[in-house]
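Asker: This is the structure I have questions about; it appears just below.
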Amino acid sequence: MSTVRARAAGVTSHRLFWPLVVLVLLLVANAVYRPSFLSIELKNGHLYGSLIDIVRLSAPLILVALGMSLVIATGGIDLSVGAVAAVAGAVACLYISEQPDQNSLGVVLTAVALGFGVALLLGAWNGILVAGIGIQPIIATLILMVAGRGLAQLIAEGQIITINSGPYKVIGVGHLLTLPFAIVIALAVTLLVAVLTRRTALGMIIESVGGNAEASRLAGIRSRRITFLVYVVSAACAAIAGFMMTANVSSADGNAVGLWVELDAILAVVIGGTALAGGRFYLGGTVVGALLIQTLTTSVYAMNIDPQTSLLFKAVVVIVVCLIQAPAFRARFRRRRSVPVTPVEPVGTEKEQVPA
Amino acid sequence: MAKTGITLTRRGLGAMLAVGLLAGGLAGCGNSDTGGDDKSGGSGNGKLVMGFSQVGAESGWRTANTNSIKESATAAGIELKFDDAQGKQENQIKALRNFIQQKVDVIAFSPVVESGWDTVLKEAKDAKIPVILTDRAVDSADKSLYKTFIGSDFVKEGKLAGEWLVKEKASAAGPVNIVELQGTTGAAPANDRKKGFAEAIAANPNLKVVASQSGDFTRAGGKQVMEQFLKANPKIDVLFAHNDDMGLGALEAITAAGKTPGKDITIITVDAVKDGMQALADGKFNFIAECSPLLGPQLMDLAKKVKAGEEVPARVETEETTFTQEQAKAALPNRKY
């Protein structure tokens, strides 16, 4: 008996338990509202259904959030990811739109390489500002968050660049073995990052830099180089997300691509159990967080929640997730429920401490 | 206490000085930027100076609007101080305050949102600078805060779209299921087009809006929402999108669902930008109510009249039309935007 209870307690106290519960609850709510929500059918040789939409549309967010996890693990933050995604997408689409044969694979590969290259430069810029010059990450990346959006518009000359390129479109809406290609890319990148950080010492080194950069430096870790590296990786992830977002609609809109994705990414990271203070990161949690956020967005459309109230609906769900996930909140709740007669005592001691 | 009071004031003074210097620097930049040799700001060389704050560059429509204003300002001999608010109200308020400080002759702007303009408009009024609203309205109760409002009648656009649909589906026996892609929640064009459309389709009780969601005026938004509409509603007969871009995004969702846009689902949009007109000419859209961005010449005309102290009507409508597939084919080659 006691082992069963202990095991149950172990499961419920796992940091992914509550986000997963909310994710399942959302899906159940959708299924109750419309039973066909969970159905997946085979259409034109690939899977089709709301669940597939969620997975496909969350791919860019998963990528951006992955990079964000690493940045946050070092105690930093990267606000520029949305702008970097917009710039990378705009560069790629501009190059494709200027070629005579937009359907050539070579053209698309060159375009993606160009966009990726520009994004790496932008990431290096962030890295230099934070690791080299020592500017606060939130300020350093805020610069590019604003300037990058302008840069994306400058590249597109304020227009929406529309392209008609089969190979590029594959990145956003293509399929591989009946699965959306976008999610295959996102999972591949997730695996790559997971292997690089968790099968080598790199992940622990990143966490140690986030825990105490100076102490890690004294312990022989080149902490500045690690900090620089995570901003470049974050920009690289954002660039791939930018390709997906622009390929999804075959057009690059400097204003709309990746707008506010940095906030969604931070939210995904936090829901996944990574603390903003740095020192720890959980890639699996980040992926669950990203899926949860996209499920929330899709639910609003699928259940036809009034647009005026949809933001409030999202906010309430997010607050609930964050609260029940916090062990301190759960402990408090449990104590109150089990000992309803004597809640006065702890409150009293707290109050006594205030003036001292 | 007194001591802290003094330090506070000193610090306050320093901050004020710094802000003053900064503002002065900005104004200086503005002057050198436009290349005018007038140091007294505004109308030193007798040329009418207009400060214009644009919403942003969020769509092809907006870019055409910007170009129209810039070109017609040059043609009318008006010196234009142009500012791009990048979709943020705080940027726009900042720009308006800059214009007031620079003592321009006329301020024109296209408000990002409808509310929250009273204070800055009051400042302009106190500085005796007339304000012209373009394209979008504000909800200020005090109508004396601005001279006139030039722009499209969004309610009428929604109505034109709805009336065409009523005629098109006049012979439909059963219910006609309509889904609606709204613009950004709270934006005037979204509110008004929804209203006009609803009024018009009330003429036929068979026409029913079964789902309505915001696609944020973007292609990605339109596509994402349409994907769920298609799954939630087995029978969709009509799509009404508040702009071309959302309609274009929805096209992809409809094709991916194995349906033929323009045939299985009748698509009505508003705007008539080039990509939208192309889709209409290709038979993927069925009807577009135009929302013309080319209001530059009318705006310059109004600005001159306002400056000369002439009476202007409180509401000026842009000249607009509607397009069917045949009309789109004919109009497409000469389309500017």
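Every residue, even glycine, has its Cβ placed from backbone N, Cα and C.
Sharing the feature lines straight out of TrEMBL:
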| type | residues | note |
| --- | --- | --- |
| TRANSMEM | A:47-72 | transmembrane segment |
| TRANSMEM | A:79-97 | transmembrane segment |
| TRANSMEM | A:103-125 | transmembrane segment |
| TRANSMEM | A:137-156 | transmembrane segment |
| TRANSMEM | A:176-196 | transmembrane segment |
| TRANSMEM | A:226-245 | transmembrane segment |
| TRANSMEM | A:257-276 | transmembrane segment |
| TRANSMEM | A:283-305 | transmembrane segment |
| TRANSMEM | A:311-329 | transmembrane segment |
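Describe each of these features in terms of where it is and what it packs against.
Answerer: Counting residues 6+ beyond its ends, the transmembrane segment (A:47-72) has Cβ neighbours under 8 Å at 27, 30, 37-41, 78, 81-82, 85, 137, 173, 175, 178-180, 182-183, 185-186, 189-190, 193, 197, 206, 210, 230-231, 233-238, 240-242, 244-245, 258, 261-262, 264-266, 268-269, 272, 274, 276, 278, 281-283, 286-287, 289-291, 293-295, 297-298, 302 in the same chain.
Sequence-remote contacts of a segment are chain residues at least 6 beyond its ends whose Cβ falls under 8 Å from one of its Cβ atoms, and for the transmembrane segment (A:79-97) they are 60, 64, 67-68, 107-108, 110-112, 114-116, 118-119, 122-123, 126, 138, 141-149, 151-152, 155-156, 161-163, 165, 168, 234-235, 237-239, 241-243, 245-246, 251-252, 254-255, 257-262, 265.
Only residues 6 or more beyond the boundaries of the transmembrane segment (A:103-125), in the same chain, are considered here, and those with a CB under 8 A from a CB of the stretch are 80, 84, 87-93, 95-96, 144, 148, 164-168, 171, 228, 231-236, 238-240, 242-243.
Using a Cβ-Cβ cut-off under 8 Å and counting only residues 6 or more beyond its ends in the same chain, the transmembrane segment (A:137-156) has close neighbours at 71, 75-80, 82-84, 86-87, 89-91, 93-94, 122, 125-126, 129-130, 231, 252-255, 257, 262.
Residues of the same chain lying 6 or more positions beyond the ends of the transmembrane segment (A:176-196) and with a Cβ under 8 Å from any Cβ of it are 42, 45-47, 52, 55-56, 58-60, 62-63, 66, 70, 170, 202-203, 233, 237, 240, 244, 248, 283, 287.
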Asker: Excluding the flanking five residues on each side, which residues at least 6 beyond the ends of the transmembrane segment (A:257-276) place their CB within less than 8 Å of a CB in that stretch?
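Answerer: Non-local partners: 15-16, 19, 60-62, 64-65, 67-69, 72-73, 77-86, 89-90, 145, 152, 238, 241-242, 245-246, 282-290, 292-293, 318, 321-322, 325.
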Asker: Cβ under 8 Å, sequence separation of at least 6 from the ends of the transmembrane segment (A:283-305): give me the contacting residues as numbers and ranges.
Answerer: 15-16, 19-20, 22-23, 26-27, 29-30, 33-34, 37, 50, 53-55, 57-58, 61-62, 65-66, 68-69, 190, 193-194, 197-198, 264-265, 267-274, 313-314, 317-318, 321
